[in-house]
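Chemist: After the structure tokens below, expect a handful of questions from me.
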Amino acid sequence: MQFIDQANIILKAGKGGNGIVSFRREKFVPAGGPSGGNGGRGGSVILIADNNLQTLLDFKFKREIIAKDGCKGGPNKRSGASGEDTILKVPCGTEIRDIKTGIILGDLTKHKESLTIAIGGRGGHGNAYYLSNQNRAPESFTEGKDGEIWEVQLELKLLAEVGIIGLPNAGKSTLISVLSSARPKIANYPFTTLIPNLGVVRKIDGNGCLFADIPGLISGAADGVGLGHDFLRHIQRTKILLHLIDSIAENPLHDFEIIEQELQKYGKGLLDKERIIVLNKMELVDDDYLKIITKKLEDLSKRKVLVISSSLKKGLSSLLSEVWKRI
């Protein structure tokens, strides 16, 4: 399934039904009173969060959503039927923003949480509404009101508790595949991962914790370079970031600094998040070098650095223990 995490759509609520002019036509009642009914309310457009959805793909080609109009009133003071509401299901974690003003209209983070965006127009009044002592046979009526029109941007921000970040080829996909049942594409070249991968990791108590493998960031990602800018939003909701560093990289210290700089430039509190620094691929370097680079990373980051091998599944218990302590 294609991963789409942003969509611009137009939401049009239904028009209210018109009121009508009608008079009672009954046997032996030659001059019946006004009986024109009111029009029905126009349908509204309502967004509902659904845990079963992971993408905004449904809105890639469906850019205009229109709710049903209300029906006109009927004789004998019958009100017209209301227009059916249009229900749009979106993934949990979808933020809705008004394109014209930039104002956030809502943020649907819980299953079945709903938000009414475009409200249907009110139905018009039939002539029975205008009956008065001064006017016993009114012929006035009103048309239904137009429904609201909103142009909004839907933006999906994944609800993972733990985000795995790092430069391309740091081993993020391998790590999430051994920690969970996720099966991302894994290969020994940069940008294998083109979309965020999600995996549920079980805690000791049996409860699940959602991890997200974020596609490789590169220098300039916060400014739109490479793939990273498109996916940095997905770590905004995480509680912890696992910063994975390739121990066989030409300069692991420089790699660490690149990601830190991108988090700082992107802003939105990313640099303030709890971070665990993880040196991966320990099996590919000798012990002396590993000790040296670990010490330098700890001095640079002012944090404890964990050393692991995703492919050999070494050091993962210590890593998860550290994660559980911080959630």
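Each residue, glycine too, has its Cβ placed from N, Cα and C.
Swiss-Prot lists these features:
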type	residues	note
BINDING	166-173, 191-195, 213-216, 280-283, 309-311	ATP binding site
BINDING	SER173, THR193	Mg(2+) binding site
DOMAIN	1-159	domain 'Obg'
DOMAIN	160-327	domain 'OBG-type G'
Chemist: Give me the Cα-Cα distance between SER309 (ATP binding site) and SER173 (Mg(2+) binding site), rounded to a whole Å.
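Modeler: Each residue's Cα considered, SER309 (ATP binding site) and SER173 (Mg(2+) binding site) end up 13 Å apart.
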Chemist: Mean pLDDT, the domain 'Obg' (1-159)?
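Modeler: Here the mean pLDDT over the domain 'Obg' (1-159) amounts to 92.
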Chemist: Using all protein chains in view, find how many other C-beta atoms are within 10 Å of the C-beta of SER173 (Mg(2+) binding site).
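Modeler: The answer is 24.
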Chemist: State the Cα to Cα distance, in Å, between LYS281 (ATP binding site) and SER173 (Mg(2+) binding site), rounded to an integer.
Modeler: 13
Chemist: Looking at the binding-site residues GLY166, PRO215, which one has the fewest other Cβ atoms within 10 Å of its own Cβ?
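Modeler: Each of the binding-site residues GLY166, PRO215 was scored by Cβ atoms within 10 Å; lowest is PRO215.
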Chemist: Determine, from DSSP, whether SER309 (ATP binding site) sits in helix, strand or coil.
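Modeler: Its secondary structure by DSSP: strand.
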Chemist: Counting Cβ neighbours within 10 Å across all chains shown, tell me which of the binding-site residues LYS172, LYS281 comes out on top.
Modeler: LYS172
Chemist: Roughly how many Å separate the Cα of PRO215 (ATP binding site) from that of SER173 (Mg(2+) binding site), to the nearest whole number?
Modeler: 9
Chemist: How many whole Å apart are the CA atoms of SER173 (Mg(2+) binding site) and GLY166 (ATP binding site)?
Modeler: 11
Chemist: What's the number of neighbouring CB atoms sitting within 10 A of the CB on SER309 (ATP binding site)?
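Modeler: That number is 20.
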